[in-house]
Ligand SMILES: [Zn+2]
Ligand SMILES: [Zn+2]
């Protein structure tokens, strides 16, 4: 146990500070590559759709205008949500959750796991936490030296504990958590709509080009095959030399259709999964309850984490009274409002409107009047209290 709570920040022998700094910057730059890839694909899709399809291919001015306006609206909302997911200000866990030096020394000096558990339990007795580890202990992060608030988890990529952490997303180079979950949902939703819109509007041209290609192949290539001029056919195929000019533009449109289709399939499944999580007030990591015990050495921690991921992927969050997969659920619509806020006008806009502060969550099982927790009057009162995070120092739902 003593070794597990020590914060081992000492560099291994022979590993100089300069190399460490260099590695750190390389790692930071490397983490932006997926974002760069997404931005490159969006930029190319803009060229393929606006220049090649709308300007060079579509002949009707009305159709051009309608497509361009709708496309740009979707692109702006998609880009705005993406930007806010990436650059959302992820607030740190308040200092009151951090173990002071004196408590940490006591914890390190404790001889048994039970003694350590008691020290943490005493420290956390005034903190508003209701979840526990599988063994019933207070959830503690030995790297950040703090008691984890409910639904907070340690992110090994960000090297810190994050409030209501869902997962670390490489495509946004940020943790998806309490502070940007709404933005992430909107990003997925708008990205899906963007892909579906490109697919739907490119489809007629995709079909037309396919027919042109078949006609050209029938008129030229098939005859060449009969004559045995296979190499000429290959060149024709590679150069896109069929029918009229602007064949390169056609390839951009056809390729845009396929890329949009590929992204729509993956985004659709991810968006559907997160809609399920929102409706049930769960996070990806809520289902991954850690088995890490306070006294486990690092090797055992890794093993138990793998075991957790493989075998316990759908275990429910653990409360004092036991595991409860719906422990934070307050009804599908209220769960939705907990993320998207109380104002329908702002549901689709990437501005922060989530309820609460990411530290305290209403738990129906702890409430004497569980029915009233999901009543509209209660939500109205909560709505008044639940101002955006930035506008207040701290808050709780104690009065709910
Ligand atoms: Zn941590
Ligand atoms: Zn992270």
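Note: Cβ is positioned from N, Cα and C throughout, glycine not excepted.
According to TrEMBL, the feature transmembrane segment maps to 32-58 (among others). Within its own chain, the transmembrane segment (32-58) is flanked in space by residues 64, 67-68, 71, 75, 78-79, 82, 86, 170-173, 198, 201-202, 205, 246, 249-250, 252-253, 255-256, 259-260, which lie at least six positions past its ends and keep a Cβ under 8 Å from the stretch.
Outside the transmembrane segment (65-83) by six or more residues, the chain places 38, 42, 46, 49-50, 53-54, 58, 172, 183-184, 186-187, 189-191, 193-194, 197-198, 201, 348, 350 with a CB less than 8 A from a CB of the stretch. Residues or ranges marked as transmembrane segment in TrEMBL: 65-83 (among others).
Taken from TrEMBL, the feature domain 'Palmitoyltransferase DHHC' applies to 139-286.
What TrEMBL records for 183-207 (among others) is transmembrane segment.
What TrEMBL lists as transmembrane segment is 253-273 (among others). Non-local neighbours of the transmembrane segment (253-273) in the same chain are 41, 45, 48-49, 52-53, 57, 185, 188-189, 191-192, 194-196, 198-199, 202-203, 205-206, 209-210; each lies 6+ residues outside the stretch with a CB under 8 Å from one of its CB atoms.
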